[in-house]
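If you look up TrEMBL, you'll see H411 marked as active site. According to TrEMBL, the transmembrane segment annotation covers 92-113, 133-155, 167-187, 193-213, 245-263, 283-300, 320-338, 422-445, 451-469.
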Amino acid sequence: MMDKDDFGPITRNRRRATITSAKSETVKLRNGAIAAASDLRRGPKARESLTKNLQLNEDSTRKCDRYDKMSCHKLQESMLSSASSFKNYRGILNWCVVMLVLSNARLFLENLLRYGILVDPIQVVSLFLKDPYSWPAACLVIVSNVFILVALYTERRLAMGSISEKVGLLIYIFNLTIILCFPMVVVLKLPSITPVGGAFALGVYTILFLKLYSYKDVNRWCRERTQAKARSLSRSLSCNYEIHIYYMYYFVFAPTLCYELNFPRSESIRMGFLLRRLFEMTYFISNVLSVVFQWMVPVIRSSMKPLQEMDYSRMTERLLRLAVPNHLIWLIFFYWFFHSSMNFVAELLRFGDREFYHDWWNSETITYFWQNWNIPVHKWCLRHFYKPLLRRGAGKLLSQSAVFFFSAFFHEYLVSVPLRMFRLWAFMGMMAQLPLAWFVARFLRGNYGNAAVWLSLIIGQPIAVLMYVHDYYVTHCEDDPTIAEAL
């Protein structure tokens, strides 16, 4: 037998001979065709010779084309390889959706068989009202109009020159401070306000605080430019403004936190679009309530004993069980609020800027997620907090840390005050985003970074939920035998 290395020279010689013969045949055919073309004028024999040469040339071309069609190999990568240019994974996405639906359907059926139907309309109403004839949270929201009118009156006095800028600033500071403190005191001192009702009222006052702060800044910038006699200004800072109650309340109800003197407006209200958003709002909020009562409440109740006994293995199991419904509620709430509700309000007011979120689901860093999942808050922080700090000489790291601290304060404000206890779990969870953002940006890239972002959302929130529920039970319900027995 021959050694495998002996085939090398023979193979190369054969290839060379094949290529040389193919080239010579091609040259012969071409030379023959040229010679026949030159002898075309010599008579019928020359024409026959030309026809034969052309036919031979066509036959040779057909053979080469046939060989090329029979070839089944070419240089290419596997589709699932990172070097492949293939990007269409719609079928895999559909498969994931089908598997998700089937797995959740099994969990839903298991939940029904174990607990029965737990959704009760009376319990839903009791989340907002303790007494159907007493609406303290709604009354608290109505009182917020006082602070809106104070800001409007102050701005009119400033525009007319009746008060100085320093006096106006003091009035704004007092007004904005009361906006945060007044509802907090009412919620803490008035036991008839439920935690959900208190959270709703505090959310309204927080939004109003951010809006009126932006209202103050933009009007001050406009006055400064007017005093500088600037003639050419951008639309958002145009000084041809009118302090009118109509424009004030349009801004209060508009789905934005950043004030402008002239908002982009759509041409008309699309009734079909409006009705679709209204249907989505009704459908998804009912889904959220169903998941809370039917899925989350039983898991939370079963988690109290492991938390009291500090059984870490069972605590971890309850945490993972809670992660799925909690994350599902978060996703539904995101779509309900940032897409359905805000588009509904924007369409009703003909508000033109509908950029309420970006592609946060593709986030490869924690920073990118926080910059893109809530665009109204991000625009406000960038315009009224981050850039002013940079202009005052603060570094980027310090400014980013200050923004996270600001956000952490309001997260804790919206959770601890309605629950009437201060545990700082939400505050610490937000501040923990800083080292996590550094770690993900430094050591993780691409899909690994995106997976880290999703993992922080899926696992991080249930941890805070369990901590607050446990502390709320220990603080308010441990001495109540009926509640303790139910849990």
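Placement of Cβ uses the backbone N, Cα and C atoms for every residue, glycine included.
Please treat TrEMBL annotations as automatic predictions, because they have not gone through curation.
Around the residue listed as 'active site', the C-beta neighbours below 8 angstroms that are at least 6 residues distant in the chain are A426, F427, G429, M430. Below 8 A, the CB atoms of the transmembrane segment (193-213) and the transmembrane segment (92-113) form no more than two pairs separated by six or more positions in the chain, fewer than 3 in all. Against the transmembrane segment (92-113), the recorded stretches 167-187, 283-300, 422-445 differ in Cβ pairs under 8 Å, and the greatest number is found for 283-300. Of the Cβ pairs linking the transmembrane segment (167-187) with the transmembrane segment (133-155) and spaced 6 or more residues apart, 3 or more are under 8 Å, so the two regions touch. Long-range contacts of the transmembrane segment (422-445) within the same chain: residues 364-367, 370, 400-401, 404-405, 407-409, 411-412, 414-416, 452-453, 456, 460, 463-464, 467-468, 471, each at least 6 residues beyond the stretch ends and with a Cβ under 8 Å from a Cβ of the stretch.
If you look at the transmembrane segment (283-300), the same-chain residues 6 or more away from its ends with a CB under 8 A from one of its CBs are 107-108, 111-112, 114-115, 117-120, 123-124, 318, 321-322, 325-326, 328-329, 332-333, 335-336, 340, 465-466, 469.
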